[in-house]
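J.: In case it's useful when we look at the structure, here is the feature table from TrEMBL:
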type	residues	note
DOMAIN	B:47-280	domain 'Radical SAM core'
BINDING	B:CYS61, B:CYS65, B:CYS68	[4Fe-4S] cluster binding site
BINDING	B:PHE67	S-adenosyl-L-methionine binding site
BINDING	B:SER133, B:GLU169, B:SER288	(3R)-3-methyl-D-ornithine binding site
Amino acid sequence: MKNTIPDDIIQQAYEGNVTKKNALKLLEVPPLQLFSLADRLRKQAVGDDVTYVVNRNINFTDQCIGNCGFCAFRNQENYFLEKSDIIRKTKEAVELGATEVCIQGGLLEDANLEFYQDILSSIKANYPNIHIHAYSPMEVFHLAKKNGLSIESTIKKLKNSGLETMPGTAAEILSDRVREIICPGKLNTLQWENVITTAHRLGIATTATMMYGHVETKEERIDHILKIRDIQQKTAGFTEFVLLPFMPYNNPIGKKMIKEGKYATGGIEDLQFYALSRILLHTHIPNIQASWVKLGKKLAQVALACGANDVGGTLMEEKISSSAGAKNGENMEVSEIKWLVRTAGRKPVQRNTLYESIEAENDS
Amino acid sequence: MIPEDIENRARNGLATREDALKLLIENPFELFDLADRLRRESVGDDVTYVVNRNIYITNMCKGGCKFCSFNQRDGYILTIPQILERVKAAHEAGATEVCILGGFIPKLDLDFYLDIVKAIKKEYPNISIHGFSPMEISHAAGVCDISTERAFRKLKKAGLGTLTGTSAEILSERVRGMICPNKITTEEWIETIMTAHKADLVTNSTIMYGHIETWEEKIEHLLILRDIQQKTGKFTELVPMPFMPYNNIIGEKMMREGKYGPGGIEDLKLHAIARLLLNKHIPNIQASWVKLGKKLAQVALNCGANDLGGTLMEDQITLASGGKNGEYLPSGEMEWIIGEIGRRPVRRDTYYRECK
């Protein structure tokens, strides 16, 4: 394969300072070359290990006063889990070997900080060893506002109650033009940055995410990734970057797109952005997660050859809830993760939330 | 880097088993890139698809294949009016092809198949009928005590457009002994498909991979197809079908051993190797969106494939084995998937002619 990527861009990639202009150029090179460059950088950064975390998502309510146009979850069943339900779910997760619970909910009209703290401290009182990864920047922002507190003291209180890390969700695309269209009620770019950097400053690491493939331009995606890089250079508080391709089915933004003849991003574009994320974040954020839920298991494996080095969580929720209609594709056994990693010629490694590897007792 | 002699052989349609094995241990991007170039040289940047509908005439099958999730003991057989109803819906939705699929039911004779074909042709003379497996017809011919060639000629005369190249699975006696011991043997399959070609029936060709076979066996399978094509020239395309391990005996056994279906990387390699070995012989390699998923199917179009298959409307077989990529892909979304990678979407008929 002839390489047509200019040497100076490759040089910048290895040094971790590819510019926006060059990022746009990289989208013009034949995709296989881009993938191959990202794969080499991945190998240099993290080697051949592919990590996964055994965790359980607990979405304690779908009640939400938000108005995001891309959401297919809000107020569907109108459920609300009591603290005892959350503890029970945590217990099940612990018994199945989870090292993390990931707790998020909708935005409640009367969001009371004490309730959110109580969830954390009750889990910690019962299961001190499970890692609590919880509350999106939007939830924190909302809690601060509803309870008349600063972001800083809100996070401090949550941390004191047992919060260990936070998901870097609600980022969507960090562009106020885009946010105005898809999630006008959400915190804006600056506010998101503020919550995240405050958390980092207080010792709460977070993930970073990007939800792409709706109304944003490719330039806006690149700006988003570069903003994440900037923040990371200041705080070093991001553990990983998670790309979430937008699913245009069953939500208002998607319906409008489909009416205009636009659909979900194709696999090539997904892989281009996995690769580009690896390249732009090289030397800054070592972990790029391929979400098998969004990509499908097969394409997630391919993403591992295009810059990604993590396959995320086992999403135990679907495994535990024997709810009728759970499809095979929604559950990923650890053994299937290992199979996909090994058949990609890589080594599966169980990790915790902070990307420390966990030696499995009997690794088969 | 790919050795020049391998590239030259591939370009001239002469790639060998050893060449394929060698490329499999290369950097996969090199293999994908070569397959992509061979694809462009042989069929250009058009990506074809067909507006069609699958019609399952029965969900019963006595085949006993251990990889199948679809065979029911007691099930339905559609009547001709029920079949026509489905053809009508397909016709109204703009389909140019109906794909008639079913199971292997020993009591069915040739007239059963002939009547279906005749009835459809009478009502819908312009719709292409693609369907039936070589094994079904060869068996039905036996029931009526006529030669297989005669049976194919009768079907062709009645209006069958093209025959499927299914029941090939992996053309290896070792593999067939394990996954479908009751099915026709490799030799019988070759003979039957060549008989169909001799009776002037065009067929596609298939490979069902990712279970217990080795890469050597996959390559051997593709070379058998190439060999047949050199003699008959009547294969329109190759349809690679990744095995899905859910709800069937072989898959359950694999999963107990911690093995699952092929990952996306193996899928892409298979499409690329197929392009490499079949170049100059079988021009069309299909990326089946039902099996691969829409996203990965698009990636396969950059690794040797040039066709996205059918819009379908129903695919009960994939559904039964845990496929969840949907059952219907509208033309609009097909064209989006193709256009997004800078290729030209072309609606084709069963014979790969552009629909105007």
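Keep in mind that glycine also has a Cβ here, set from the backbone N, Cα and C atoms.
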J.: Around the C-beta of B:SER288 ((3R)-3-methyl-D-ornithine binding site), how many further C-beta atoms are within 10 angstroms, looking at every protein chain?
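T.: If we count other Cβ atoms within 10 Å of B:SER288 ((3R)-3-methyl-D-ornithine binding site), we arrive at 26.
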J.: So if I draw a 10 Å sphere around the Cβ of B:CYS68 ([4Fe-4S] cluster binding site), how many other Cβ atoms end up inside it?
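T.: Around B:CYS68 ([4Fe-4S] cluster binding site), other Cβ atoms within 10 Å: 20.
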J.: Taking the residues the record says bind (3R)-3-methyl-D-ornithine (B:SER133, B:GLU169, B:SER288), how far apart in Å are the two Cα atoms that sit farthest from each other?
T.: 18
J.: Quick one: of the binding-site residues B:SER133, B:GLU169, B:SER288, which has its CA closest to the CA of B:CYS68 ([4Fe-4S] cluster binding site)?
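T.: If we rank B:SER133, B:GLU169, B:SER288 by Cα distance to B:CYS68 ([4Fe-4S] cluster binding site), first place goes to B:GLU169.
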J.: Might you list, by sequence position, any residue in that chain lying six or more from the residue listed as 'S-adenosyl-L-methionine binding site' with a Cβ less than 8 Å away from its Cβ?
T.: B:GLU169, B:ILE179, B:CYS180, B:MET208, B:HIS211, B:PHE243, B:ASN248, B:ILE249, B:ILE250, B:GLY251
J.: Using Cα coordinates, what distance in whole Å links B:CYS65 ([4Fe-4S] cluster binding site) and B:SER288 ((3R)-3-methyl-D-ornithine binding site)?
T.: 22
J.: Measuring Cα to Cα, tell me the gap between B:SER133 ((3R)-3-methyl-D-ornithine binding site) and B:CYS61 ([4Fe-4S] cluster binding site) in whole angstrom.
T.: 13
J.: So for B:CYS61 ([4Fe-4S] cluster binding site), how many other CB atoms are inside 10 Å of its CB?
T.: 18
J.: If one measures from the C-alpha of B:CYS61 ([4Fe-4S] cluster binding site) to the C-alpha of B:SER288 ((3R)-3-methyl-D-ornithine binding site), what distance in angstrom results, rounded to a whole number?
T.: 24
J.: Other residues near the [4Fe-4S] cluster site, CB within 8 A of the CB centroid of B:CYS61, B:CYS65, B:CYS68?
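T.: Close Cβ neighbours, site residues excluded: B:GLY63, B:GLY64, B:PHE67, B:PHE70, B:ASN71, B:GLY103, B:PHE104, B:CYS180.
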J.: Any idea what DSSP makes of B:SER288 ((3R)-3-methyl-D-ornithine binding site), helix, strand or coil?
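T.: B:SER288 ((3R)-3-methyl-D-ornithine binding site) sits in coil per DSSP, no helix or strand.
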J.: Would you count the other CB atoms within 10 A of the CB of B:SER133 ((3R)-3-methyl-D-ornithine binding site), including those on all shown protein chains?
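T.: Around B:SER133 ((3R)-3-methyl-D-ornithine binding site), other Cβ atoms within 10 Å: 25.
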J.: If you average the pLDDT over the domain 'Radical SAM core' (B:47-280), what number do you get?
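T.: PLDDT averaged over the stretch: 94.
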